[in-house]
Amino acid sequence: MTVTSIRRAYQVIKTALHYGLDELIPSKVKPWYFRLLRCTFFWLRNQHKDKVGGERLKLVMQELGPVYIKFGQMLSTRRDLLDDEWAEELAMLQDRVPPFDSSIAREMIELELGTSIDTYFDDFDNTPLASASISQVHTATLKSNGKAVVLKVLRPNVEAQVDADLHLMSQAANFLETVLGHGNRLRPAEVVEDYRTTIEGELNLKLEALNAVKLRNNFLDSGSLYIPYMYEELCFTRLIVMERIEGIPVSDMAALKAQGTNLKVLAERGVELFFTQVFRDNFFHADMHPGNIFVSREHPEDPYYIGLDCGIMGTLTEEDKRYLAENFLAFFNRDYHRIAQLYIESGWVSPDTDIAAFEQAVKVVCEPMFNKPLDEISFGHVLLELFRTARRFDMVVQPQLVLLEKTLLYIEGLGRQLYPQLDLWQTAKPFLEKWMSEQVGPKGMASKIKKEFPYWADKLPELPELVYDNLKMGRNFVKSQNQMLDRYLKQQQKAHKSNYLLITSAVLVICGTILFNQNATLWASYGSITVGVVLWLLGWRSRPKKRKF
């Protein structure tokens, strides 16, 4: 670990303890080494006992900076993991940071272009149009055609900052997983890895540009969604250039009403857009919060959406799409047995799951929803409650399903904000039924046969040999399985022992360094460091050797 990373680790620990996050872990699950680690930071006490857990976590994220703020925002969408009170607190986090100097922005833009800004642009505005934790936006005019454009450039050194904070998050998540147990529903390591995938995608602006081009092509001349044109020849990993658009923020209800926007059409169009992206195109915008959605100023009686920021996109497998559509249809038919079957058939929960118990759990959660009219039932809430129930039966929610759930909740909230009488079920049901008939009915079967026929015609002569090879492999697999399991269990025991020693040694070295910097007695600082080094050597030597299973 570098001195910088040690300082950052201490800052994270200090902030977490200052807000008493350690007190939120139940005492009964805290092992001895957790209590030992807490004692080594005896001078750091909870200064916010009057605040509830969700507010404490929000303030910690806020104090630790942009990477943690975005992590908190992502956590706020994981309502399958967090209680609503915690999620609502984290949703208040704002991704707003002061802009960096425009001279640095110019240098970074010119570095990507390989030439002066004046070669391609006129009227470059040194005052940023917007500034966020990952990037900053400036406006200009293209020399070639005189059109207004937006330049989005990454913040300086943001990749290194993100990488350093992600490394610390991963270590903290692995430690928490050890403390809480791998069966805990929070699954911290899984959540951090999902966040890593998301934020690393946002750091590649070229990928964002490619996503925007694809989404734009999917809805060309649709009259429902417009994506700004990307000047691909001027798009790079750290810089993208796009058409500048004029629209009304979707959250500005006063402006929408003032221009006479047909809010009913706009709300229904939003729901249709979501299901079209998911089921027709299998490519959906997964960051559709109000800051990324605008409404056209023209044709208010037949309005369309304008979508920005395509850094986070979602896709589903064909199987997941079918199971998802069937889930919604089964729910509205109150067929809870079919819902339980679908979760097992899809592989979302284990085939060993007690289907009767799962069906009963689904019924307990879903049946009370029908005490309200159908037009008040939320698709997103249905999906969320089903995921929460399935987690009790050891479902691991795939990242793409999390993105889908988050986007659906956004779209529903937006639709009901625009038009409170919006009937989501009546808007979506025809689309789902049509899609299901095309996929599962005779038309869908004929389409699949046509698509797969060349492959099976090519493989048919090899079928007897493939059957024989698979039977042979099956016998060998059963024989080797027990040997592999024994080796794996021994490796795990060694790994746990090594981790305890390494964690304790790291804390002692950090404490020794802090004591030394605070002019404490030499025996205390050097003693702490020496014991830490000895434990580190023991932990290093006891590490399991990497083996191939």
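Any Cβ shown, glycine's included, is placed from N, Cα and C.
According to Swiss-Prot, the feature domain 'Protein kinase' maps to 123-501, an assignment based on sequence analysis.
In sequence order, Lys152, Val153, Leu154, Arg155, Val158, Leu205 make up the list of same-chain residues 6 or more apart from Ser135 (ATP binding site) whose Cβ falls under 8 Å from its Cβ. The ATP binding site annotation in Swiss-Prot covers Leu129, Ala130, Ser131, Ala132, Ser133, Ile134, Ser135, Gln136, Val137, Lys152.
For Asp287 (active site, proton acceptor), the count of additional Cβ atoms within 10 Å of its Cβ stands at 21 [all protein chains shown]. Asp287 (active site, proton acceptor) falls within neither a helix nor a strand when secondary structure is assigned with DSSP, and so counts as coil. What Swiss-Prot lists as active site, proton acceptor is Asp287.
The feature transmembrane segment is assigned by Swiss-Prot to 498-518 (among others).
Marked as transmembrane segment by Swiss-Prot: 520-540 (among others).
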On average, residues of the domain 'Protein kinase' (123-501) score a pLDDT of 81
Counting Cβ atoms within 10 Å across all protein chains shown, which of the binding-site residues Leu129, Val137 comes out on top? Val137
I'd like to know which of the binding-site residues Ser131, Ser133 has the most other Cβ atoms within 10 Å of its Cβ. Ser133
Same-chain, non-site residues whose Cβ lies within 8 A of the Leu129, Ala130, Ser131, Ala132, Ser133, Ile134, Ser135, Gln136, Val137, Lys152 Cβ center for ATP are Pro99, Pro128, Val153, Arg155
Between Asp287 (active site, proton acceptor) and Val137 (ATP binding site), how many Å separate their Cα atoms? 18
